[in-house]
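*Asks:* Got a structure here, written out as structure tokens. Questions coming.
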């Protein structure tokens, strides 16, 4: 945009500054942009201030969520069905209540967004209710497994807090991974060249002829500063400026090794924790008198895993690492090709990329599923990964209907428990910060923090419970094939579980 101007104190000032409509529109536009930026900054400052003033109380509420998780698991020992019903009804009720609040907001604002949210929340509540009615018998069977798993968890209470150790180790691995990654990025050869500053018109810098330091020629900063002079001083009309940093050819292989090693360490720690917990719950199951289970079962199981099964854990985690690395490599190649030009990727190439990504993602999930069951069989018999995976797959295929239905129902019920704990803590947080501390504009900030923290804590506790359910279910299937319930070969499972599996 150009304006007629005249010089005032060596500055160009537009003519008719106050009466020019274009100038006025430009000023109004800039003021509006500045007002929006100030508003965003004030909004961000309000969020940050609210975080600083409420993170302590939010952490306390999250700790309360951890206590509720322990109480919830403790109650499952005797009241599995009522607790699950409370979870289902609670989730449906919360979705219904949120839908009611959304409908009220829709009535007040007549906004289609609130109407859409109301329909979605109501539909979710209805679907959950219908699934509960259709799968009631399977839910009852799953509740018995959850009840047995709760007994195992409460008998080895330390298992609930065991994930803290892998979590800390994961953090250390991530710190090490990024630290070494930054060191690798810093490896390279610096390339310097002679440049002439843009604000310099003369060139009085004199360098020895044998150096051949012309404009654009490679140079060494130390030699340039010591040998080149301009009027007896350091050169200012020429500089030896850094152009680029060239990485050595072998650095790409170091990146590959570092990424594979970081992924392997991360998955190795996860697998080690899984196998230690599986060994803990397998020890509980295969003890006829549950009161004889040692107090330090978790510690003994961890030591046994480290002493005898590190190879199994390393091999299983390496398979997951290869799948994840191939997925990352495909994504990297796709992004590099897209950066060079989207037209380079034809429809066939995009299809192959998406197909391979989907295939590798499904393969990774399958390997995780098989590894989890192989670790359980390994904890029972002490076999290697391949033999344990074969035995586990054979056992599961002979009971495929039970596996598919019961596992999915158990996963859904435990997820409902996590949602119930999270929503309960968020409701308490919302009431506390909105009612007790006044109608604060940013009361939702600590509420979201509490929701995120509560969900993470609940995920940790219920992940232990999920491993317990999977371990006990596989042990029950093995028990049903190894024993017949006679006095010579009694079942290790309870009567209710035996009835659930149609063994009595």
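Cβ coordinates are placed from backbone N, Cα and C, and glycine is handled just like the others.
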*Asks:* If I go by TrEMBL, the feature transmembrane segment sits on one of 83-101, 140-158, 197-215. Which?
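*Replies:* From TrEMBL, the annotated transmembrane segment range turns out to be 83-101.
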*Asks:* Among 6-30, 231-255, 306-330, find the range that TrEMBL records as transmembrane segment.
*Replies:* 306-330
*Asks:* Taking residues 6+ outside the transmembrane segment (113-136), which of them lie with a CB under 8 Å of any CB in it?
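*Replies:* For the transmembrane segment (113-136), the far contacts come to 88, 91-92, 95-96, 98-99, 102-103, 105-106, 405, 409.
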*Asks:* Which of 83-101, 171-188, 263-286, 306-330, 453-477 has the most Cβ pairs closer than 8 Å to the transmembrane segment (55-76)?
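*Replies:* Per the Cβ under 8 Å count, 453-477.
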*Asks:* Looking at 83-101, 171-188, 409-433, 453-477, which one has the highest count of Cβ pairs under 8 angstroms to the transmembrane segment (263-286)?
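*Replies:* Going through each listed stretch, the top one turns out to be 453-477.
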*Asks:* Under an 8 Å Cβ to Cβ limit, what residues of the same chain, 6 or more beyond the ends of the transmembrane segment (83-101), are close to it?
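*Replies:* Cβ under 8 Å, 6 or more out: 72, 75-76, 117-118, 121-122, 124-125, 128-129, 132, 139, 143, 146, 413, 416-417, 419-420, 423-424, 427.
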*Asks:* Apart from its near flanks, which chain residues at least 6 from the ends of the transmembrane segment (409-433) lie with a Cβ under 8 angstroms of it?
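*Replies:* For the transmembrane segment (409-433), the list is 54, 57-58, 61-62, 64-65, 68-69, 72, 83-84, 86-88, 90-91, 94, 135, 138-139, 141-143, 145-146, 440, 443-444, 446-447, 450-451, 454-455, 458-459, 462, 465-466, 469, 473.
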